[in-house]
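Copied over from TrEMBL, here are the features:
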type	residues	note
BINDING	Ser31, Gly32, Gly33, Ser34, Asp35, Ser36	ATP binding site
DOMAIN	27-204	domain 'tRNA(Ile)-lysidine/2-thiocytidine synthase N-terminal'
Amino acid sequence: MTKLSPAEALAASLRGWQSTDPAGPLGIAVSGGSDSLALLYLAADWARDRGVDLHVVTVDHGLRSEAAQEAAFVTDHATSLGLPHRVLRWQGWEGQGNLMDQARRARYRLMADWARQRGLSAVLLGHTLDDQAETLMMRLARGAGVDGLAAMAAQGEQAGFPFLRPLLSVRRDALRAELTARNVTWVEDPSNDDTRFERVRMRQGLKMLAQQGVEPEALNQTAQNLAEARGALNWAVAQFAGKHVTQHAGDLAIAAKPFAELPAELQRRLLQHALGWIAGPGYAPRSEALAQLRAQALAGQGATLSGVRMTHRKGGIYLFRELAAVAELSTSVDQPFDTRWQLSGPGGADLHIAPLGAEGLLACPKPRESLRPAAALQADPAIWRDNQLISAPLAGFLQGWQAELAPNCRDFAKWTVSR
């Protein structure tokens, strides 16, 4: 097989996306490092030939003194290409918890919000084949299963928004050669040589493996093979869900007897997808926690995991959003609520969306829907004016308002296939 150039690889990867949204504007996440900077130049060439608008974004986590200078560096390159550039700043680090995890989540959330506000169709990321191999090694060290070892997807979602990785088949050295040929320099992040970071240690380990004939390309192929296995397992879950899982607004009811007859791997996978569909994008629960949830589901016990409650009712396993997980959530009426709910109605500048809650449910003038437990309704989105309930569409109190699931998650069975 002829090896594609970086430009050819990018065009081939974006071809499928372009067929669904041929001229939709795209965002590009650029840090100033070689991978994302090469993506910027390659995507600019690609977009210019196809009449696609591009917008550049950089996230400054406020953790390194050099970050502001690097953002200005990206601005210079974007301006030279005639592209708008926006710097997003994260100020959420309080010195507690997993810094890298929080920074990653914040980065995607900030970029997703920025992209939605500008009407973009997706955001491009500069992950490479080297990143793929490093990630595989990191997950091997943790004893990951099929999902953990499967390749990063060229198309996926973060914070409820599409992100594309068009350079996953390209080596980092090839991108640096591309920049060198254009007389473009890049930023060298000193943390890339800091062995306190696991990824840096794995990167160095890959060099040792290459000396023994284990090249990143082979590791990438293994990840691709496992991605196909993951797809087959998700297809099996979707087939089961189409027959034995019922949606009630944003809740799921799984027929208990057919669930008990599933292989353990499919039981775990179905529950994991149910958690993700209800609670929105984020990291999957740890394998131990998921195994316990499976055992509780089979034993007819209730549980709470990842912001989702599980109960048993009417011969089924019933899962719904936990009120405590959204209790402090409040958004404007034109923004998604809890990443998956979209509300539409008369509007009003003084209105906001927040959970219905126990008091809101009592304030509803109509009887609640009997198919759903009160605890599930309390976590539903409602329209409020200060402390006054204006509408609770999912509880039957409409007042001209409607609540719908976002298009990408209206059908749970179809949603599982895309995971």
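Backbone N, Cα and C atoms are what each Cβ position is placed from, and that goes for glycine too.
Recorded features from TrEMBL, shown on the structure.
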| residue | record | Cβ neighbours (10 Å) |
| --- | --- | --- |
| Ser31 | ATP binding site | 21 |
| Gly32 | ATP binding site | 24 |
| Gly33 | ATP binding site | 19 |
| Ser34 | ATP binding site | 24 |
| Asp35 | ATP binding site | 22 |
| Ser36 | ATP binding site | 24 |
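When secondary structure is read from DSSP and collapsed to three states, Ser36 (ATP binding site) falls in the helix class. Other than the site residues Ser31, Gly32, Gly33, Ser34, Asp35, Ser36, same-chain residues with C-beta atoms no more than 8 angstroms from the centre of those residues' C-beta atoms, the ATP site, are Val30, Leu37, Ala38, Leu39, Gly126, Trp186, Val187.
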